[in-house]
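S.K.: Let me give you the structure first, and then I'll get to my questions.
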Amino acid sequence: MSASIQHIKGMPDLLPEQTGLWQAVESIATGLLQSYGYNEIRLPIVEYTDLFKRSIGEVTDIVEKEMYTFRDRNEESLTLRPEGTAGCVRASLQHRLLDNQQQQRLWYKGPMFRYEKPQKGRQRQFHQLGVETFGIATADIDAELIVLAYRLWQRLGLQDHVALQINTIGSLEARNAFKTALVDYLTAFKDDLDEDSQRRLESNPLRILDSKSERTQSILENAPDLHDYLDEDAQAEFERLKGLLDAMSIPYTVNTRLVRGLDYYNKTVFEWVTDALGAQGTVCAGGRYDGLVSQLGGKPVPAVGFAMGLERLCLLIAEVTEPPADPQQLDIYFVIAADTAHYARAMTAAESIRHANPSVNMVTHCGGGSFKSQMKKADKSGAAFALIAGSNELEQGVVALKPLRGDKAQEQQNIAIEQLPEVIKQLFAA
Ligand code: ATP
Ligand code: MG
């Protein structure tokens with residue numbers, strides 16, 4: 001026997017027992033986005049490699065070592081998207097969504113691909129829900145994005161389990177001045193820095209600030225402070241953002257070490273973190289990136305957005321809170337223990353119920369089998385009720401309704417087939 005084929009490492013399946021939670025989270029999130037006037041954009045999973053090199057930047061973890069890049073049959077270099085912002089900007093430019101100072105509030109969700117070391121909350125194929133806004137330069141939209149995420153945590157019962165960290169990283173010029181000072185300071189300690197940070201000292205020094213090495217962090221304690229280098233505009237916008245968050249009672253801490261490694265980021269950066277998921281604690285991360293649209297060939301357009309990791313979000317829900325109602329939960333299991341002559345009657349009755357009750361989840365038993373074995377399946381299905389159509393019942397023009405759970409589990413009553421759609425409607429009216 002040949003070995004069976006397994007899924008690729010770090011690219012797991014989501015099984016039926018998990019997809020209920022995912023569907024619930026996704027529908028709560030997308031409903032919320034809709035209610036704030038955000039529109040969905042659906043983007044391809046594969047893009048030209050150059051798009052990511054030009055947007056994310058050559059000297060980043062993602063581009064240096066995490067991308068799935070390959071040549072297609074036409075010898076073009078393509079990449080499985082590692083994140084969604086680049087494609088979203090590319091599409092917005094290509095389809096002129098940003099012309100004439102248009103504002104856009106967009107969201108997308110789907111799989112992203114990064115060649116990382118798989119562990120809990122870190123996969124090679126993972127899923128993000130991303131939100132991007134374009135054409136608004138002021139901190140009110142930064143605040144809206146943050147409050148939007150906060151509403152989502154509330155609806156998912158997570159508001160006490162994630163903490164908001166915010167920072168401003170100023171303009172590119174301010175950051176460059178800071179970068180010089182930081183490199184001057186750190187060069188004196190070069191040999192004591194962790195390996196990644198030593199490398200970054202030349203390639204991407206700001207990223208050293210969020211190094212996970214304790215030794216590096218202790219060296220950083222006396223490093224220059226980015227906030228001493230900030231331009232006035234960034235400072236004023238940051239004060240405005242904090243004021244709006246205060247007014248809306250959204251708790252946050254300012255973390256001056258919070259940076260995003262990419263040059264196109266500026267001003268506001270933020271992360272929602274939890275301590276319930278070990279090292280993979282960032283559930284949602286975002287910031288302002290006023291430089292990206294022009295970097296990708298457009299006129300300058302201010303932009304700010306965030307992306308959340310859906311695996312981490314679902315793990316967190318499972319860890320700390322009661323999961324939302326499972327949309328796949330069965331309501332009814334329709335048992336058909338009838339001979340062939342009566343079978344069509346039973347199946348027609350089931351369809352009349354569905355027609356009148358589109359939101360009731362019902363399985364109609366297929367494949368025959370004894371009454372007893374079907375009832376076993378009904379019990380196991382998790383449905384709240386069984387409808388039982390045996391030959392005897394069908395002969396009398398009725399079907400039996402039997403609660404499967406709670407203290408009424410024994411009581412069973414016959415319902416006339418014509419009444420079924422209405423009775424089921426009443427039953428689930430609440
Ligand atoms: P990390 O520091 O955890 O690697 P990141 O800075 O690379 O995160 P972003 O690019 O900001 O992550 O992506 C936004 C969010 O997507 C993260 O906060 C996280 O929730 C999720 N995410 C990123 N990479 C992965 C991954 N490999 N597996 C699962 N979720 C991920
Ligand atoms: Mg990463």
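Glycine too: its Cβ is placed from the backbone N, Cα and C atoms.
Per TrEMBL, the feature L-histidine binding site maps to GLU83, GLY84, THR85, ARG114, GLN128, GLU132, ARG260, TYR264, TYR265. Residues annotated as domain 'Aminoacyl-transfer RNA synthetases class-II family profile' in TrEMBL: 21-327.
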S.K.: Could you say whether, by DSSP, THR85 (L-histidine binding site) belongs to a helix, a strand or a coil region?
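M.R.: It is helical.
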S.K.: With an 8 Å cut-off on Cβ-Cβ distance and a minimum sequence separation of at least 6, pull the same-chain contacts of THR85 (L-histidine binding site), or say none.
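M.R.: The list for THR85 (L-histidine binding site) reads SER55, GLY130, GLU132, TYR289, LEU292, GLY305, ALA307, given in order along the sequence.
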S.K.: Under 6 Å from ligand 1 by Cβ, which binding-site residues from THR85, GLN128, ARG260, TYR265?
M.R.: GLN128
